[in-house]
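> Dumping the structure here so I can ask a few things about it.
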Amino acid sequence: MIEFDAVRKEYPGGTVAVAGFSLRVPSHSVVALVGSSGSGKTTLLRMVNRMVEPTSGAVRIDDVDVRSLDPVGLRRSIGYVLQAGGLLPHRTVADNVATVPVLAGRSRREARADALGLLERVGLDPALADRYPAQLSGGQQQRVGVARALAADPDILLMDEPFGAVDPIVREQLQAELRALQAELGKTILFVTHDVDEAFALADEVVVLRAGAEIAQRGTPTEILAAPADDFVAAFVGAGTARRTLRIRELDGRRVVVDGDDRPTGVLEADAREGAP
Amino acid sequence: MNLVLDALAWLLDSANWDGRGGIGARILEHLGFSAAVVAAACAIGIPAGVAIGHSGRGRSLVIVLTSGARALPTLGLLTILGLALGIGLDAPFLALLVLALPPVLAGAYAGVESVARETVGASRAIGMTEWQLVRGVELPLAAPVLLGGVRSAALQVISTATLAAYVADTGLGRPLFEGLKTQRYDMMLGASLLVALLALVVELGFQLVQSAAARRAEPHRAPSGARERISA
C-alpha cells in the first residue's frame, strides 16, 4: 500500500507543483494519476521513490515513511518504468534487464539468465537479448523497460507515461499485455498518464488531477465516465463527445452500437442479466 | 629544397641518433615529458570535469579556465616561471600543464554534460548510487568526447614541449634551439620535422582509442563484426 499524506511540493521561487495531496493506493491495485502537463502528476510519482522530496507531508509504503529509508535501497525495491524505457544505450538488452539485480550483488551470469526469462514474460524473443536498445523498435524498448522494472521482483511498480512514445496500435497491444501480466503478478501499480483512454484501459481506480495536483475526481473508470464530477472532468474524459455517446441501432434484428456521429463501434451481444432475446 | 634535403640527411645520419644527446634519446625524453604533463593534466582535469558535469555546479569555472588559460602565451608563462623556479623541468612542466589542463577539463565536462539527462535520471531512479552512475553510465558514454579533450591536450603539449629546452636540457627542443644558435638549419628543421611526425603518430594512436571508445558508447552504430568484439 502506498499512502500520500497531505504532501506538498513547493520549489524555490514559489512555484507550487503539488498544493496538498492525499491518496491511498491499495496493495495489488492499479491506480492512474491523470492530468495534463503541469498537473504535478509526475512529481507525485517521483515522491514515492524519493526522486523528489515533498516540502511537507509524508509518503508511506506499508506504513513506513519513505524518508526513513535509504533512497538507493528504496529505489531498487521499486520497479520504475518510464517513457521510451530509459534504457542504457551502451548495454545490451539482457544487461539492461539485469541492471538492478547486479547492483544488488547478484552475479552477472545468474542475472542474465533470469533476464532471458523476463524477456519472454513481456513478450520478447530472447534472441534479442544481445541487441542494443537502439536496435529495437519503440514498442520493444518499452517491453525491455517493463522487464527491467520486474527484474528485482518488486511489490510496487511506478510507471511514468509508460507507453507514451509508441504508436497507438502498439500502445493498445502493450496495455493488453500489461493487464494480462498484472492479472498474473498482482503488483501495486501507480502510473501517470495524460491519456485518459490509457488510464481507463489499465486502472482499477483513476484520479483526475487539476493544476497543483488538486484531485478533480477519483473513482473507477465506469464511475467517472457515468458521472463526471464537474465540467473540467467531463471535458477531460470527453464525456458528451461523439466518441463517448453511444446509441443502439437495430439492423436486421441485430443491435449495433453507434457513436454520436452514427459510426458503428460494435455489436451489442445479449447480456445474461437481460436474458436471451 | 636543399635545406629539406640537408634536414633529411641529418635525420638519417646514424651518428646523430646514438648517445645521451642523440635523436633517439631526445625523442624518448620528449615523449616521456609530454606524457607526464598530459597525465598530470588528466589527474586533475578529468575528476574535476566529471564532477562539474555530473553535479552541474561550477560550470562558470570551466568557461573561465578554458577561455582564460588559452589566452595565456606559453612562452611568456614559461619565462616568468623559469625566473621564479630556475633552470630545470619544473617551470616547463607547469607552463605546459596550464596549456594542457583546459582541453582536458573541457572535454571531461562536455562529455559528461552531453549524456542524455533521461538516461541519467532513469539510472538514478532504478537505484544506482551516484558513483555507480558516474562509472557505469556517464564515463562510458562520455568517453569519446572526454578522450577528444585529452587528444587535443596531447597534441598541443607535444608540439609545444620543444619550449622545455629553453630552460632545461631535454627533448626535441634541444637540437632545435642548438641549431638556431649555431645556425645549423639542417638540425633545426630535422628536429621540427620529428616533432611534427611525433604529433601525427600520437594523433593516430588517439584516433584509434577514441573510435574504440565510441564503439563502446554507441555499439549499435558499430560496423558489423565490431559488436561481437565488444561483447567478448
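Placement of Cβ uses the backbone N, Cα and C atoms for every residue, glycine included.
In case it helps, TrEMBL gives these features for our protein:
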- B:27-206: domain 'ABC transmembrane type-1' (DOMAIN)
- B:31-53: transmembrane segment (TRANSMEM)
- B:60-87: transmembrane segment (TRANSMEM)
- B:93-112: transmembrane segment (TRANSMEM)
- B:145-167: transmembrane segment (TRANSMEM)
- B:187-206: transmembrane segment (TRANSMEM)
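Describe the structural context of each listed feature in the structure shown, including burial, neighbouring residues and relevant distances.
Taking Cβ pairs closer than 8 Å, the transmembrane segment (B:31-53) reaches residues 59, 61-62, 89, 92-93, 96-97, 100-101, 104-113, 134, 138-139, 142, 146, 149-150, 153-154, 157-158, 161, 164, 170-171, 198 in its own chain, all 6 or more past its ends.
Counting same-chain residues at least six beyond the ends of the transmembrane segment (B:60-87), those with a Cβ under 8 angstroms from any Cβ of the stretch are 49, 52, 94-96, 98-99, 101-103, 105-106, 109, 160, 163, 166-168.
Beyond the ends of the transmembrane segment (B:187-206), by six or more residues, the same chain brings 3-4, 6-8, 10-11, 23, 26-27, 30-31, 147, 150-151, 154-155, 158-159, 162, 172-176, 178-180 to within a C-beta distance below 8 angstroms of the stretch.
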